[in-house]
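What Swiss-Prot annotates here:
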BINDING   THR161, GLY182, ASP204, ASN247  S-adenosyl-L-methionine binding site
Amino acid sequence: MKWSEFSIHTTQEAVEPVCNILHEAGASGVVIEDPKDLVKEWGVHYGEIYQLNPDDYPEEGVMIKAYFPVNSFLGETIEEIKEAINGLLLYDIDLGHNKIQLVEVLEEEWATAWKKYYKPVKVSNTITIVPTWEEYEAHEDEMIIELDPGMAFGTGTHPTTVLCIQALENVIQGGESVIDVGTGSGVLSIAAAKLGASEVLGLDLDEVAVKSAQMNVKLNKVHRQVMVRQNHLLEGITGTRDVIVANILAEVIIRFVADAKAVLKPGGTFIVSGIIKRKKNDVKDALVTNGFQIEETVELEDWVAIIAKNGHE
């Protein structure tokens, strides 16, 4: 079988929205080549547990590669992808070079190409993310999240995911109810359950993401605590929860802050990331305007996570 490798040279800011577009278009895998991973300083506790090859990375910017089966619909799919990516400019997202290339690859080349980009990575004091095919022996007090990266993978875990997991690790004490808005692969829902949350609801508008998350939830044996379903943000969600975590675009976070306040218990915690540094204050302003108290702001590379409390106790 032949595959088409769709590659786009863009910016780190555009990585998550572009990857989402590629997933929704039916990509069988997404590779993220970010040269910042070569010089990433995780400190003593966190980091990639393998050696990266500098030859695999662009000199600047980020290269995103997605793989699609060659069929009669490919041309139409590519045009829809281009249109959706250009539409990100309406959200003030810097696309950088925005240079797109298409190359045909054979099945065996594709099978080898993507696995080299996904290795175990320690993302917090207690959690390490491991691809399903890797043999990895957990150390004492180390929790493993196994992921099948069939839908998305890169050279390491995205900074916003790392920030959210570290925030969950600090917030969850045991027995909390959690909502994960825009769950994607389900990694944050799984992390919340493994850290001790008793009830987790993962929400995503994308049907493919929901299926991927459900599979990863079963893989990690947290299906008793975690339910994943298709939903647009917090629309129609009833009841209140202890924690809401959302790793999505700043503009989207701003749009549903009021809904998050309504769904959070008094004194509940709202963890948000997916925020590029230059949009940090916009999100903070929206949170404060809606009655949240900013507890902490954490930065990693060009990204920000904000931990806020529902102020009306």
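Cβ atoms here come from the backbone N, Cα and C positions, even for glycine.
Not measured: the values here are computed from a predicted model.
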According to DSSP, THR161 (S-adenosyl-L-methionine binding site) sits in helix
Of all C-alpha pairs drawn from the S-adenosyl-L-methionine-binding set THR161, GLY182, ASP204, ASN247, the farthest apart lie at a distance in Å of 16
Same-chain, non-site residues whose Cβ lies within 8 A of the THR161, GLY182, ASP204, ASN247 Cβ center for S-adenosyl-L-methionine are CYS164, ASP180, VAL181, THR183, GLY184, VAL187, LEU188, ALA246, ILE248, GLY274
Cβ density check for ASN247 (S-adenosyl-L-methionine binding site), other Cβ within 10 Å (all protein chains) comes to 26
If you count the other CB atoms within 10 A of the CB of ASP204 (S-adenosyl-L-methionine binding site), including all protein chains displayed, you should get 27
